[in-house]
Amino acid sequence: MSSGIESVLTETRVFGPFERVAATAHISGMDAYRALYDEADRDPEGFWARQARENLIWDKPFTTVLDESNKPFYRWFPDGELNVSANCLDRHLGTPVADKTAIIFEADDGEVTRITYRELHARVCQLANAIKSLGYQTGDRAIIYLPMSIEAVVAMQACARLGITHSVVFGGFSSKSLHERCVDVGATLVITADEQRRGGRAIPLKRAVDEALSQPGGEAVRHVIVYRRTGGAVDWNEGRDLWLHDVLEGQSNECAPVPVNAEHPLFILYTSGSTGKPKGVQHSSAGYLLMCLLTMKWTFDIKNDDIFWCTADVGWVTGHSYIVYGPLAAGATQIMFEGVPTYPTPARFWEMIQRHQCTIFYTAPTAIRSLIKAAESNEEHHPRKFDLTSLRIIGSVGEPINPEAWMWYFTNVGRERCPVLDTWWQTETGVHMITPLPGATPLKPGSCTLPLPGIDAAVVDESGREVEPGRGGFLVVKRPWPAMIRTIWGDPERFKKSYFPPEHNGYYLAGDGAQRDTDGYFWIMGRIDDVLNVSGHRLGTMEVESAMVAHPLVAEAAVVGRPDATTGEAVVAFVVLKRPLPQGDEANEIARELRDWVGREIGPIAKPREIRFGENLPKTRSGKIMRRLLRLVAQDQPITQDVSTLENPAILTQLSQSY
Ligand code: WTA
């Protein structure tokens with residue numbers, strides 16, 4: 001749970017409505033929101049059918065809206081056919097959008113590249129033709145391990161054009177994580193780059209691909225297409241590796257989009273769960289795209305002249321829905337940024353908003369919190385110093401935003417003129433679920449406010465009964481929605497068990513704790529399972545624990561989250577070594593070694609902030625690790641609970657020392 005929770009519970013401020021935004025909004029005023037919500041509530045299938053007909057271009061119209069015959073494996077528009085890439089690109093070709101800028105790409109070093117919809121369409125067609133000529137077809141799976149780049153958008157869209165299911169792996173994941181995903185998804189094609197550039201540094205990507213594919217199962221990948229980003233040296237596997245610029249040579253600008261079934265898996269995106277390995281969240285084509293487009297209109301109120309900027313990486317769901325699919329389907333102009341918010345200075349975001357006249361800005365609380373710190377320590381980096389008057393709407397995603405950060409964002413970035421959209425959603429939900437609408441919803445700092453039309457969200461107790469306002473419980477969604485997760489790739493049983501446990505009446509269980517207030521507003525309290533949220537990135541405690549115990553020195557490890565003012569949560573690892581308790585320099589040395597190890601096993605985002613060594617871990621007499629106690633120890637809180645059941649109470653002193 002975030003450190004902001006206590007202040008959340010006493011929050012009473014209300015902001016809005018925002019007349020300037022409401023005047024032209026797609027959904028203007030609470031009455032309009034309620035009317036749409038009620039329409040969806042009365043006749044969900046009729047509502048979604050209307051939206052799907054009005055917003056998507058179908059090659060074969062659907063006649064069935066929702067197939068519930070095999071719950072919870074819901075199928076939406078199951079006899080319809082379309083192509084996602086045609087719905088993002090071709091639909092604009094005969095319109096004035098064709099020659100509008102689709103992407104304003106700003107590189108790490110500040111170089112700006114613009115591409116129009118017509119040019120993007122041509123690039124996607126060329127790559128699709130190249131992939132086709134290598135023998136790939138509908139149903140194959142491709143891993144995309146690319147930096148933030150127009151090429152990443154092109155690669156994902158080219159896969160979608162051919163009905164090849166993509167699985168994007170964030171460039172910060174290690175070769176080991178990449179290998180696991182390649183094998184699990186059964187990839188035969190990998191698209192990567194020589195290196196990525198972030199914060200002035202070049203970080204190798206191709207090398208990680210080489211390492212991943214040298215492991216068992218890696219030989220299934222027939223081709224690696226390599227985008228030359230930096231020109232850094234790479235090893236070359238003749239016959240398997242191909243330069244992107246070589247495969248594109250001579251390819252036609254036209255490639256007919258392949259119509260696929262509405263339920264065809266557009267992508268699989270791995271995310272952490274409370275147990276076991278990361279799960280491959282499978283998304284559909286039609287239902288997913290429909291809601292990407294609808295939320296661009298509803299939540300972001302996208303207009304023809306907007307300059308939209310979502311700062312997420314394409315390796316996360318936010319980048320999928322709000323860079324690659326939603327904005328393009330909506331025909332929007334968007335900014336895409338290669339680098340990091342603090343390079344060359346922590347004013348980079350504010351400079352870019354000013355430079356590109358950004359109107360809608362969407363980022364993560366962790367970025368906001370780190371920029372607050374930077375702005376407060378150096379006036380030159382304060383958003384006040386920049387002309388941010390182009391902004392109309394500002395948003396937040398990925399973790400709870402504490403009211404203090406919300407107020408700072410609202411005051412200093414939005415200048416009290418722009419609604420702050422605190423959007424609650426998940427990799428599994430595909431798109432926004434609970435969020436304010438900029439032209440309608442009065443805002444309360446720290447609350448994601450109300451569910452979107454068609455989303456039947458609720459807070460329930462252990463037995464699936466709705467709880468009273470003001471009482472905490474499990475956040476659930478009672479009815480299926482078109483963009484929902486379809487299954488966990490290769491593990492339908494785990495899908496059922498994780499998200500539709502029988503005691504919850506067949507409701508979708510989000511894994512978050514929440515409560516509603518008397519206005520029906522939702523307040524997210526953080527994860528209720530063993531999933532951590534570090535800088536908006538999901539991490540399973542089990543995942544980090546199993547990486548740690550794979551190290552030859554480690555006998556046992558327990559990982560917990562500790563609230564952190566900047567990153568939301570920080571990873572704290574309690575470790576028992578196979579050698580005597582280390583002290584001083586030796587302990588520091590081993591801690592550094594273990595951190596690097598976890599970085600290599602999972603990726604730098606999983607590196608524990610603190611490591612604490614003990615001769616053993618606090619366990620009950622029946623042998624269970626007392627995690628609740630460890631969470632208190634991690635926060636350096638006084639232990640008031642009875643520890644007499646501990647096998648060895650003395651170790652609490654050992655564990656209070658962090659490295
Ligand atoms: C958390 C990111 C509070 C939540 C789109 C969820 C949030 C997990 C919010 C999903 C928010 C996301 N307020 N918590 N506005 N948005 N979360 O899959 O715990 O990376 O379950 O998707 O992030 O993270 P994921």
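Backbone N, Cα and C atoms are what each Cβ position is placed from, and that goes for glycine too.
Around Gly199 (CoA binding site), a 10 Å sphere centred on its CB holds 13 further CB atoms from the protein chains shown. Taken from TrEMBL, the feature CoA binding site covers Arg198, Gly199, Gly200, Arg201, Thr318, Ser535.
Here TrEMBL flags Gly398, Glu399, Pro400, Asp422, Thr423, Trp424, Trp425, Gln426, Thr427, Asp512, Arg527, Arg538 as ATP binding site. The Cβ of Thr423 (ATP binding site) lies under 8 Å from the Cβ of Thr299, Tyr362, Gly395, Ser396, Val397, His432, Ile434, Thr435, Cys448, each of these being in the same chain and 6 or more residues away along the sequence.
Of all Cβ atoms in the shown protein chains, 18 besides its own fall within 10 Å of the Cβ of His551 (Mg(2+) binding site). According to DSSP, His551 (Mg(2+) binding site) sits in a coil region rather than a helix or strand. Here TrEMBL flags Val549, His551, Val554 as Mg(2+) binding site.
DSSP labels the residues of the domain 'Acetyl-coenzyme A synthetase N-terminal' (33-88) in these numbers: 27 helix, 7 strand, 22 coil. If you look up TrEMBL, you'll see 33-88 marked as domain 'Acetyl-coenzyme A synthetase N-terminal'.
What TrEMBL lists as domain 'AMP-dependent synthetase/ligase' is 98-481.
Marked as domain 'AMP-binding enzyme C-terminal' by TrEMBL: 543-624.
Marked as N6-acetyllysine by TrEMBL: Lys624. Sequence-distant contacts of Lys624 (N6-acetyllysine), defined as residues of its own chain at least six apart whose C-beta falls under 8 angstroms from its C-beta, are absent.
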Looking only at the binding-site residues Arg198, Thr318, Ser535, Val549 (Mg(2+) binding site) has its closest CA neighbour at Ser535
Where does Trp425 (ATP binding site) sit in the DSSP three-state scheme?
-> coil
Cα within 10 Å of Thr318 (CoA binding site): which of the binding-site residues Pro400, Arg527, His551, Val554 qualify?
-> none
If you count other Cβ atoms within 10 Å of each one's Cβ, which of the binding-site residues Thr318, Thr427, Ser535 has the most?
-> Thr318
Whole-number Å distance between the CA of Thr427 (ATP binding site) and the CA of Ser535 (CoA binding site)?
-> 15
Taking ligand 1 as the reference, state which of the binding-site residues Arg201, Pro400, Trp425, Val549 have a Cβ closer than 6 Å to one of its atoms.
-> Pro400, Trp425
Name the one residue among Gly398, Trp425, Val554 whose Cα is closest in three-dimensional space to that of Ser535 (CoA binding site); these are the binding-site residues.
-> Gly398
